[in-house]
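K.L.:
This structure is in structure tokens; I'll ask about it shortly.
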Amino acid sequence: MNDTVKKPTGGRGDDPLPAGAALSAVAPHEPVSVVLAGGGTAGHVEPAMAVADALKALDPHVRITALGTARGLETRLVPERGYDLELITPVPLPRKPTGDLARLPSRVWRAVRETRAVLHAVDADVVIGFGGYVALPAYLAARGVSPRKPRVPVVIHEANASAGLANRVGARTAQRVLSAVPDCGLPGAEVVGVPVREAITSLDRAALRAEARRHFGFADDARVLLVFGGSQGAASLNRAVSGAAAQLAAAGVSVLHAHGPKNTLDLREPQPGDPPYVAVPYLDRMDLAYAAADLVICRSGAMTVAEVSAVGLPAIYVPLPIGNGEQRLNALPVVDAGGGMVVADADLTPELVAREVAGLVGDPPRLAAMTTAAARVGHPDAARRVAQAALDIGRTARLARGATGGRP
């Protein structure tokens, strides 16, 4: 496969860096080459892009190449952020025996061959893996690229509270293993949090609130509920919240609801004097959405929890009821700290939404306490820590090659 998606000129990967940002960088004529393996869903792509931005901030000469597949969100998100993307064969790891499982070995080795070609072409010094469809081939390929370059060091980041198969395999030979939370199932993992883009970690909700509410058409003094279910929406959240529209309006609650590009909402006709119910397929400006909101109802994927807690937004988390319950585990640190609550997907009804939302938005002191608690759980420096670990390892690898005239 090995298709290349080039970054647009003027993208984030080309941004100028602050003076002194690269004091410890390798000389410009020998830039460190970093390959990011984290494609498929936004939960894998966004942490990778946050780390890419942090790499550029630490070393403006670093070469960054992202691995992805033609079916993943990375085909849009990576070029938009200004980075090069190399496409390989997708390797979905089925949770249950299916036809995909029977085809897995041939797909894996095809993807490994393609990834080895990429690592060789970009002269990779280090691979950073985030799990997902491209991570397993990247970890296997890094074990042996060519006779001249038999091994590329690997840094792994596990965002979920329960590590996935790809990262469990990769962690066995990785140079560094980093995680969002303790006890993720990877021995020796160092807790750094989930990498979140700087636009979110530096977001001042209070300072941006007036602009954000004007952007979405809410009054300055509105009580705003934000609802989203990930990049594709969530049917159960859509049904429960839209079904509570009348009760929410009666309680004076405005709603900003991202229902997903493939979904629609069955909303009643608004009555005169009702606060706005703004329904959109997708939110391109999550910074404004977070700033406009007083409360959010959302899933609890690792990236969602990291962003919501980073901005100090009180949350009602509704874990996706699949897998090993990792979404519920992702939310527990914030919930235990007092920054949110968890509602099982099966228990999410219009009546519950109306009751809990009205109770929370009508209690400003409680919301303020939840805001403080949520913000305490966040790790705003996670992206920088992952990037620094990778640069340290990559520089060592490149310097070793320079000292020996080739790869050890």
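Note that Cβ sites are derived from N, Cα and C of the backbone, with glycine treated the same way.
As annotated in Swiss-Prot:
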type    : residues                              : note
BINDING : T41, A42, G43, N160, R197, S231, Q327 : UDP-N-acetyl-alpha-D-glucosamine binding site
REGION  : 1-20                                  : region 'Disordered'
K.L.:
With DSSP assignments reduced to helix, strand and coil, which class does N160 (UDP-N-acetyl-alpha-D-glucosamine binding site) get?
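P.N.:
The residue in question, N160 (UDP-N-acetyl-alpha-D-glucosamine binding site), is coil (DSSP, three-state).
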K.L.:
Within 10 Å of the Cβ of G43 (UDP-N-acetyl-alpha-D-glucosamine binding site), how many other Cβ atoms can you find? Include all protein chains, please.
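P.N.:
Taking all protein chains shown, G43 (UDP-N-acetyl-alpha-D-glucosamine binding site) has 24 Cβ neighbours within 10 Å.
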K.L.:
Going by DSSP, is T41 (UDP-N-acetyl-alpha-D-glucosamine binding site) part of a helix, a strand, or coil?
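P.N.:
In three-state terms, T41 (UDP-N-acetyl-alpha-D-glucosamine binding site) counts as coil.
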K.L.:
Looking only at Cβ atoms, how many others are within 10 Å of the one on Q327 (UDP-N-acetyl-alpha-D-glucosamine binding site)?
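P.N.:
The Cβ of Q327 (UDP-N-acetyl-alpha-D-glucosamine binding site) has 25 Cβ neighbours within 10 Å.
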